[in-house]
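Notes for the one structure printed next.
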Amino acid sequence: MQQGTLMRKVKSKSWKKQRYFKLQEDCMTIWYQSKRTGKTESAFSISDVETVREGHQSEVLQSVAEEFPPERCFTIVFYGRRGNLDLIAGSAEEAQCWVQGLRQLIEPRSFPLTFALVSCTWIRDWFQKADKNKDGRMNFKEVQRLLKMMNVDMNEDHALRLFQDADKSESGTLEGEEFVLFYKALTQREEVLSLFQEFSEDGKKLTLLELVDFLRQEQLEDEGTEELAMELIDKYEPSETARARHVLSADGFLMYLCSPEGSIFNPQHRAMWQDMSQPLCHYFISSSHNTYLIEDQIRGQSSIEGYIRALKRGCRCLEVDCWDGPNGEPMVYHGHTFTSKIPFREVVSTLGKYAFKVRHPSPGAGGRGWSSVGEDTWHAEGSWSCWPPAVQDLRGQGLWRRWVAQGASLSPTPQELKHKILLKGKKIGRLEDTLDGPGDEVPDASDDDNGAEAEEERRRAKVRGTQHGSALQKDKENLAQALSDCVIYCKNVPFRGFQEARSHSRPSEISSLSEAKARKLIRDEGNEFVRHNAWQLTRIYPSGMRTDSSNYSPQEMWNVGCQIVALNFQTAGTEMDLCDGLFSQNGCCGYVLKPPFMRDKETLFNPSDPSSREGPSPITLTIQVISGQQLPKVANSKEGAIIDPLVRVEIYGVPADQAHQETKYIENNGFNPRWDETLQFQLHVPELALIRFVVEDYDKTSRNDFVGQFTLAFANIKPGYRHIHLLSKDGTSIPPSSLFVHIRITE
């Protein structure tokens, strides 16, 4: 990769500034500086980069497409909510040099290499931060400064002893391998060493049989244990001699515990492990609300980035609000508000590129990769006169092709719908009419408003032969045939009660409910709601009062089997943590199979009465929170400040299971805090439970500050001694921050 390359940094069509970009010698940091002043503007780490896009794949670069060819343009995309960096190179060759070079640096590697690389990068980063005079050496004063930066409040005598032990050259400074020795002494894991020695006869190694005993007794691995032990030694033992002797050293034992096999998340559930041949209504489906918005609901920016981010997060149901634009071109934005607008054809083009590319977190590490899975559902709203050209855009992108399941099924499966797109919207007539021939030309409307319900009533009245007055006829809505033809399996119908739905609705139809309406139904008719969702899709959307794009709790909607629980993906918080936690399993395909008692149309289950669930008795979840490792500092904290961490475990599920407990806080130690506290929970409906681990910085005078979290479904927990690799508010990994816990599940 070239260094000190002059490129244009673009923020808008009128803002294009030349900057020098350079890859630092560590091959992990890129800085850029102004051509005019020579002053360094900013720097970023390669570990912050999620991906690199070539060509005009951002709205900013699309705005300058006539001025600069796509071969010279590329976009650096960062994890989380940090803005993209749009760049224009001096030539196509220069652009390719940066694109390919960056991709090689961020390309996912196998976990053992990644684990070692993360540690190596972490050490190098700290060394460079603490080496204030940049002489490549570190004196004791700089080491003391480093400890503060690393969240460590260490006794000065102890710190000096570690420093002197590592200073093999007796030069009074640490450099190269000496600093590595110091770092290793600093990060010695006493709790892991104690566990290792408990199963090791000589305290120096685990023989194959000793490792098998550990795996069976503590990790509850009961199938193919000897083969697993051999595999772990081959994979994680750093010494070739030890591998040849089939033994595991203390270093290899630690590497195993920090690996996917040592994660709290069952690695077998990271891949697609559930039956995908059930009807669509038998799955929870990852869904977003007003997907195009990346800010608030009134004046926020509409952007194709909203679609890209949601799709890469595993979202399978997107919302496209389409309205009349200039010259008959359809535009996407939040109607009747001041949000910005984006052309529908840009949305379609973006969906064509990203609809079937879904992230796969690197097990336990939060990294991202790509795979083509699942089908996509578009929820369409807005004005309808713009839809004929919109349908042409769909056809032009190769995204529209009529398809009907074999056997004229009214309820297709995710397996049948793989690599297909469903359009959820209004439709003339019924699916049966689509299958059998021309249908009723009377349009029936739907969805979230009273006008939709009035239109549906007019349709039903006509079928019964009742004549409507001129006032009702005046309100009759015209629906474009081109749009109606696109809607096959997700026809919107208004919800008029569960009895009405059983009598008149079909599995190929779907109703949308506000969060308030859904809560009332949950409270008054919980069991009926569960039964309804066993045969028909239900979509839940946020209250119109959530103008700040805040979210409601999706858990209470999942408790009654609602499939399409639409959230504002742009807003970080507990609600999105729950969403990410539920859908991080099953290959991140965006579909999670509901428990058997929620797929039975005659079920007796009611979330307000756990005893109505047919199945085993309640289980007890016991969590020993042992320690934490290299926890991050709180954002915007004062220099030299060290966190006082505590761990809170939160249970989300049916009302009887909702609970939380927390450890005491540890003063001034974010580097290697030890809690050794046991928390215990009883779960009545574990099939619906989500477990959220939260680390906070304790503050006795104000609200605790967020440090990190990790959320997963109870079904994905692996018992035993496990590491929990923490995520940020944005759901991105913050290596090497983790918790070490011991999990037990008993009936």
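The backbone N, Cα and C atoms fix where each Cβ goes, and this holds for glycine too.
Per TrEMBL, the features are as follows:
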type	residues	note
COMPBIAS	434-455	compositional bias 'Acidic residues'
DOMAIN	1-107	domain 'PH'
DOMAIN	118-153	domain 'EF-hand'
DOMAIN	154-189	domain 'EF-hand'
DOMAIN	483-599	domain 'PI-PLC Y-box'
DOMAIN	599-728	domain 'C2'
REGION	432-472	region 'Disordered'
Using DSSP, how many residues of the domain 'PH' (1-107) fall into helix, strand and coil, respectively? 26 helix, 42 strand, 39 coil
DSSP tally for the domain 'PI-PLC Y-box' (483-599), helix/strand/coil in that order, comes to 49 helix, 21 strand, 47 coil
Go ahead and report the DSSP secondary structure tallies for the domain 'EF-hand' (154-189): helix first, then strand, then coil. 21 helix, 2 strand, 13 coil
Across the domain 'PH' (1-107), the model's average pLDDT, rounded to a whole number, is 84
